[in-house]
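The domain 'MARVEL' annotation in TrEMBL covers 9-146, 151-297. For 20-36, 42-61, 81-101, 121-140, 161-178, 190-212, 224-246, the entry in TrEMBL reads transmembrane segment.
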Amino acid sequence: CSNYKVHAAVLSPLGAARMLQLLLGCTIIALVAHSAGYNHAYGIYCMFVWCFCFAMTLLVFTMDVTRLPCCMPISWDNLTVAFAMLATLMYVAASVVYPVYFLRSQCSKSDGGCEVRNYRIAVTVCSSFCCFAYAAEVFLTRAKPGHVVGYMATMSGLLKVVQAFVACIIFGALANGSEYNRHIPTHYCVVVYSLCFSITVVVIAVTVSGKASALPLRFPFDRFVIIYTFLATLLYLSAALVWPIFSFDRKYGTPGRPNGCPWENCPWDSKLVVAVFTHVNMVLYFSDLIYSQRIRFVSHSAA
């Protein structure tokens, strides 16, 4: 703590990125509350993202300025980079969802519809710019050659956050009428998603807490993470094969989207979302495994 520089929290590229996040976040919340509006589940989700990220960024910025992280029994660097990665993903989702469900190409000037549309365009633009502000923080705090950083600042750590976020998208699609309970193999897929998500969250939580070395394991924590990543890759590979068969094969499901299926509540759409993001997470876990092996190889060679 004696080497902690307060001015680095403000007069630095990282401090500038966080102040921009606060400015844009405050602007978005004000625009939405004033006239842009939000309703339904999608609007509530977007508003939650903007309020949650603003509150967390304000907390992080305040803690850095007041030097309070020095007194906390957690790995502050791991926590902040993990949150920045999560905020980037949440903002990307909100910046896509909000215009899709709230922006219309036509408006009515008589009832003030065009003014509301303009506010919503402004919200979308600010939200998109804020994505880059959080991505800039991730870029500034990521692992660099020759620098000692926490696990969450490495590519493997950042991928863990992305994997957990993608799993949340899968859970949302499963809950939205995916009819996963019609077949036992699709139940197996849900178990795979839940198990991998739970362990990934535990890995992130243990890393942020800084207590990895205190765990009662027979081998180092980083080796446990590599073994888990390998098993998760195999589990997702099996789910990526099983889910499409029991969702889109003619014997068990419907190959094409049924006619007359409602736009916002169609089981086939939910099944497609689950299938797509299952493959996305499989690629993420495989990439994580390759990167982890590369780190071990370089470290072993250097020794």
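Keep in mind that glycine also has a Cβ here, set from the backbone N, Cα and C atoms.
Listed as Cβ neighbours of the transmembrane segment (20-36) (distance under 8 Å, sequence separation of 6 or more from its ends, same chain) are residues 46-47, 50-51, 53-54, 57-58, 61, 87, 102, 115-116, 119-120, 122-123, 126-127, 129-130, 133-134, 137. Beyond the transmembrane segment (81-101), the same-chain residues lying 6 or more positions past its ends with a Cβ under 8 Å from any Cβ of the stretch are 21, 38, 40, 42-43, 45-46, 49-50, 52-53, 56-57, 60, 120, 123-124, 127-128, 130-131, 134-135, 137-138, 141-142, 150, 152-153, 157-158, 161-162, 165, 169, 204, 207-208. Per-residue pLDDT, averaged over the domain 'MARVEL' (151-297), rounds to 87. Here the listed stretches are 42-61, 121-140, 190-212, 224-246, and the one with the most C-beta pairs under 8 angstroms to the transmembrane segment (161-178) is 190-212.
Only residues 6 or more beyond the boundaries of the transmembrane segment (190-212), in the same chain, are considered here, and those with a CB under 8 A from a CB of the stretch are 73-75, 78-79, 82, 150-152, 157, 160-161, 163-164, 167-168, 170-171, 174, 180, 221, 225, 228, 232, 235-236, 238-239, 278, 281, 285. Taken through DSSP, the domain 'MARVEL' (9-146) splits into 112 helix, 0 strand, 26 coil. Shown for the domain 'MARVEL' (151-297): DSSP residue counts in helix, strand and coil, namely 115 helix, 0 strand, 32 coil.
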